[in-house]
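Down below is the structure, laid out as structure tokens.
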Amino acid sequence: MRHIISILMENEAGALSRVVGLFSQRNFNIETLNVAPTDDPTLSRLTVTTVGDDRIIEQITKQLNKLIDVVKLVDLTEGQHIEREMLLVKVKAVGAQRAEVKRTTEIFRGQIIDVTPSIYTIQLAGDAGKLDAFINALGSNTLLEVVRTGVSGIARGEKVLSL
Amino acid sequence: MITRFLADEGVEYMYGYPGGAALHIYDAIHRQDKVHHVLVRHEQAATHMADGYARATGKPGVVLVTSGPGATNAVTGIATAYMDSIPMVVLCGQVMSHLIGEDAFQETDIIGVTRPIVKHSFSIKHPADIPMVLKKAFHIATTGRPGPVVVDIPKDMTAPTEKYEYVYPKKVKMRSYTPVGRGHSGQIKKAVDLMQKAKRPILFGGGGLVLGESTELFQQLAKKLNFPVTTSLMGIGAYPQTDKQSIGWLGMHGSFEANQAMHHSDLVVCIGARFDDRATNNTAKFCPTAKIVHVDVDPSSIGKTIRVDVPIVGTAKSVLEDMLSLLDEVEGERPDLSEWWKQIEDWHASRTGRLYEPAEENEAMKPQQVVEAVWKVTKGQAYVVTDVGQHQMFAAQYYLFDKPNRWITSGGLGTMGFGLPAAMGVKLNKPDEEVVLITGEGSFQMMMQELSTCSQYGIPVKIINLNNQSLGMVRQWQDLNYASRHAQSYVESLPDFQKLVESYGHVAMKIDKADDLDAVLEKAFALKDKLVFVDVYVDPREHVYPMQVPQGSMKDMLLSKTERT
Ligand SMILES: Cc1ncc(C[n+]2csc(CCOP(=O)(O)OP(=O)(O)O)c2C)c(N)n1
Ligand SMILES: [Mg+2]
């Protein structure tokens, strides 16, 4: 099963490499990884999506918790949560394609954020499935470049991941 | 600052080797007399010395090496300590901060190199941070599940242009690191309930009991329950092996009865072992009828390789205390274990006397009988350090330990070369104890340069070289799996060990027939203040048995070259 694990860790040199190294060292799988500082400059938040059965996910969370730099973590997929990823995509847009791409973008509630006579650059946020669907809808022959941020997530309701 | 801190931390010895990036620290060592530095001949030996010391005393070993090759030479020793959860602090010199990343002379990213084999690592970013970083390093290395910690120290951090005030940090607090304490009382109750009902129980102790200084409590628990007791290779000594409840250690080369009892048990109570593949054999066939209670300080050890019915995260000490007091309270009789004990005794009896054929008179000795003779001559009281190979397994099988911390071996990593420096680390810190290295001619040659360190510091370890003129364990596998094609396992052109050892000023002896065994050993051990190397010619054809069958269950074992279960 796919899991989204969100981690608060010390914002220190080497912390990220320890997390990433752990995944390769122990043969765990990383699908996406996303990391940035938080409102507290001493902490960064890292979100990783991974797949594995219950035993593997249990090992992943235990091994992550064991890293000294990891302060706290949560497996968001254990509860109700919101997941978002951002996509930037550059597509060919000439002739009839321009209208078609624009319409598809609107349907997915994306925004065209840069334009040239032959190119649109589009921004779209959503869960990973929505981004996949949008890329599919655009069709591979229009795609010039695809950039995805990787998933970040947050629990629904009262639950908060903080110190 | 570094030396002042080490003195305040109570460090008596550190082991190391100098070089450019560490010279400021070496100068500071020279100008004080509280912390003694032992100069080894290879950095790997420094880590093994620190490791041996830590295993024998429970205190963290301290290593100091220079940047680049100094630090990379230490890697094997760090990995060895990591795999066996040994507390160690390794201080590595580093090139000046402003040169880092420029491929400067003797620059290696040692934090990167050691990342998967340390509990944690630090880089010093400011001279004023030194005391606190070192305090954290010692704290992390020694608490929870212990392990090695590397501290990278750029040269400019040790020669600051400004002066900084030194204060020894008495306390350390880290929001992201809280070692576990007591186990969950509900889980402990569940475990005790199972113990009350089990008909074929077995207690299984690991190295965590030794590291967690809880072997006495473990023994109390065993006595109270009258359960048979086995240990992992690392747990040897956690329970007196000459006691009648001890059924030997388990696993690939473990005792017949321990492996049988594990397989047929209905309850395994494991404390401080991690169910590694050399202990469990095929996990899918592991203990098919048993409920499993697993106590460990490290939550990630639980459920990693096998399914566990009652996981308990806590220190061995606290959980054992809680189990013992709960057992005092509970009512009701436990099932009679006499049938189970009878079965175990039958297993034991079916094997006794058939383990090997001792050599007589002029024959080349069996390695097993040499270990038995060493056990006798040291009255079972020695600190026994080993290298890796057949000799290691024979030592584990035939030297019976009644006390913890005396069995010192590289279990997890299986590092040839570990033995001599580890033995030196023990002897240096326990000068009044008998320290014996049981080694093989292959392993010994990996660290034999340390004979020189032994001369310099007068470290009188006793070395029993079980010389089978081959990489015996490799040869055994080749006999079993490769139709005796002995690819590169014959050690040709062995040195004349006698001359070699004597050239360093030590004493060398040789035994090549069974008749001389006891007398020469007596003579060797009588030389209290001398390093004595005894080169013992043993039968190169001998195999280590029992040996679990690959991919089998615990009870599937080869018992000799011709028999199996
Ligand atoms: C550093 C290292 N290299 C290789 C091995 C693989 N290995 C395991 S046992 C062994 C043979 C050891 O020979 P020796 O020390 O003579 O002991 P014996 O088995 O003959 O008693 C080897 C090569 C190892 N454990 N460690
Ligand atoms: Mg050998």
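Even glycines carry a Cβ here, placed using N, Cα and C.
According to TrEMBL, the protein carries these features:
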DOMAIN    B:2-110  domain 'Thiamine pyrophosphate enzyme N-terminal TPP-binding'
DOMAIN    B:188-322  domain 'Thiamine pyrophosphate enzyme central'
DOMAIN    B:387-536  domain 'Thiamine pyrophosphate enzyme TPP-binding'
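Across the domain 'Thiamine pyrophosphate enzyme N-terminal TPP-binding' (B:2-110), mean pLDDT in this model comes to 97. As a summary of secondary structure, the domain 'Thiamine pyrophosphate enzyme TPP-binding' (B:387-536) carries 64 helix, 26 strand, 60 coil according to DSSP. Each residue in the domain 'Thiamine pyrophosphate enzyme N-terminal TPP-binding' (B:2-110) gets a DSSP state, and the totals come to 51 helix, 21 strand, 37 coil. DSSP labels the residues of the domain 'Thiamine pyrophosphate enzyme central' (B:188-322) in these numbers: 52 helix, 27 strand, 56 coil.
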